[in-house]
Amino acid sequence: MKEKSKNAGRTRREKENSEFYELAKLLPLPSAITSQSDKASIIRLTTSYLKMRIVFPEGLGESWGHVSRTTSLENVGRELGSHLLQTLDGFIFVVAPDGKILYISETASVHLGLSQEELTGNSIYEYIHPADHDEMTAVLTAHQPYHSHFVHEYEMERSFFLRMKCVLAKANAGLTCGGYKVIHCSGYLKIRQYSLDMSPFDGCYQNVGLVAVGHSLPPSAVTEIKLHSNMFMFRASLDMKLIFLDSRVAELTGYEPQDLIEKTLYHHVHSCDTFHLRCAHHLLLVKGQVTTKYYRFLAKQGGWVWVQSYATIVHNSRSSRPHCIVSVNYVLTDTEYKGLQLSLDQAASTKPSFTYNSPSNPVTENRRVGKSRVSRTKTKTRLSPYSQYPGFPTDRSESDQDSPWGGSPLTDSASPQLLEQCEGIESSCVYRQFSDPRSLCYGLPLTEDHHTSNELYSHPHSESCERGCCKAGRYFLGTPQPGREAWWGAARSVLPLPKSSPENGDSFEGVSPHIASIHSLQVRGHWDEDSAVSSAPDGGSASDSGDRFRADQCRSSPQEPSKIETLIRATQQMIKEEESRLQLRKLPTDVPLEPTNSLAKSFHSTDFPQSAMQSVVCRGPAQVISPAPSPVPLSRLSSPLPDRLSKGKDFLQNELSSSQLPLTGTCAVSPTPALYSLHPRQYLEKHAAYSLTSYALEHLYEADTFRGYSLGCSGSSHYDMTTHLRKAEQAPGHKGTSVIITNGS
């Protein structure tokens, strides 16, 4: 009996083993694996295989008993399937809703060191980091669709990162942390409607499983990856502030590495993609490696390029603490939407190539050492009050900071800022408050050197010229009065010279303002220091009242009466009294006014309507005639002490006298721009009506001086605006010619 029972048990086990071996042979696995599998493994693999048929009911076609109705293209895909798995830098896996691994490709052993047989049929939770269990559960959770009765089967995309157990040696494992390796998984959750029409399954859906591909992120030696032409690398701190960038970033995005260093990556990413980048950044800090979604990196010239980044946290070799982030970035497209500005950096890069700040000149800096301490005092840069115009530069020039008077209240708080492009034929000036700069009249182009060049450009006046009234003048002084009084008071647009000139070796402080009123022919050759610049009785400048300006900024506002308006009214009254005396003399009326200073005759007329003046902005090759033709405001002129007047005196004797022409004819003027000066500090001659001090004109000049001046005015009765052109002493950043518009008497 015992022998029979032993034989029966042995036979039963042999049959059982034989059935298991037969079952193992049916598994779609290599015989080398199935022949060494135990019974439990065979049962586990078989169960997984059967569940896979639920996920893919059509299976492999004919091999599962179904008639093949596939096209030739699908057959080619099946034939290439095994080869695709070998070339895939990752592995494919299918996970059931309960977490069981239904299938995993044999390439998983290359990345994890775990065999296909070992992983299949076991729970995925056994091979992932405990901190990732909740995330995996959320991935496997399905949601009911909104219109379930219209959909029989649908898929939900999934993309996530798992820290999976890795048993490879350190030399082959890449970057691992505590025996876990970061795997980027992407795939879809398959949802299908129940095939049973009976209750309670009618209209319900079942979660079939997750089908995904796992990719190993770049190993720790990211810097050893060969960077192709469409790749660049950067190193950043843990808060994504860029520390180092590869030089290829300039070719791909337009930004030089130094433009991006010390700036956060979020600053240069499209605002719609910052959320995805933030999520990737969070995963990177938690798991150590991440692959970002496709995001738009803003290009310097506008628009963006599509980028995907593979980021890794590098740990300190000694302390094993996170040290920095190293990212390899793949630029996937060319620049899209070029010219579309989405950030301030892009806007700054497309602004005109001019700036208020002149580049420092070493020669000028060396010569500036011996100057007074006051002239070298730097003041804090003031911000422009016109913040609603971000497209224009708001910084002030360096010479303005050097001025001992600082800036005047009107220039700092109310005057329109002038933009000047000092290079190129199309140099022009634009006011900020001019909504349409095209309405301005562009006349009288100036050549680079008017003494040698005869090339002038004609300008036909049109209706736009009539609309070009001087808004700046009306803003400061109100509506100008018609007639000669307006010409007398308003035709004094004075331009200061540049700050320094490397050629003559004189700095700005040693050059007196080249400002004068051209008198008649009888007194043309006589110049003295007082005729060039008005001086106060104490030897200082008549306009040396910067402290008083700063104390009366609010009162000097053009919105309420100020010293400017008071002095203008007094000056206009004085001019009217002088004209009453001038009317006693007969005016010659038969000789027209000839063009002066080598200007084309086409720009002059024989009469001028007694009406409100118009603003004429002249566009020339390298110079602008405007209310303030230089970005250097008039307040930067130094105090005209006697030792600073030699330069201006020589200039006035030699050049102004040589270019002045005798004027005869009727009360005719050329339509040269008669503009209000943008800056109130004008250093005029005897009739300086715009001197913004607390003195009246009687305080600045004696009675005999005014009497002599009145007699000189009675000698001739015509008015003239003589445009004197002079080659400017060019300083770095201020190129072009200097223009002085004066009126002679």
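Using N, Cα and C of the backbone, Cβ positions are placed for all residues, glycine too.
Sequence annotations record features per position, and here Swiss-Prot assigns compositional bias 'Polar residues' to 350-364.
Sequence annotations record features per position, and here Swiss-Prot assigns compositional bias 'Basic residues' to 369-381.
Summarising the annotation, Swiss-Prot assigns compositional bias 'Low complexity' to 532-544.
Taken from Swiss-Prot, the feature domain 'bHLH' applies to 1-53, supported by sequence analysis. Look at the domain 'bHLH' (1-53): DSSP puts its residues at 44 helix, 0 strand, 9 coil.
Swiss-Prot lists 77-147 with the feature domain 'PAS 1', giving sequence analysis as the kind of evidence.
What Swiss-Prot records for 218-288 is domain 'PAS 2', and it gives sequence analysis as the kind of evidence. DSSP states for the domain 'PAS 2' (218-288), grouped as helix (H, G, I), strand (E, B) and coil, give 34 helix, 13 strand, 24 coil.
Residues annotated as domain 'Single-minded C-terminal' in Swiss-Prot, with sequence analysis given as evidence: 336-745.
The region 'Disordered' feature in Swiss-Prot is assigned to 350-413 (among others).
Positions annotated as region 'Disordered' by Swiss-Prot: 529-563 (among others).
Confidence over the motif 'Nuclear localization signal' (368-387), given as mean pLDDT on the 0 to 100 scale, stands at 42. Here Swiss-Prot flags 368-387 as motif 'Nuclear localization signal'.
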Three-state composition of the domain 'PAS 1' (77-147), taking helix and strand from DSSP: 34 helix, 13 strand, 24 coil
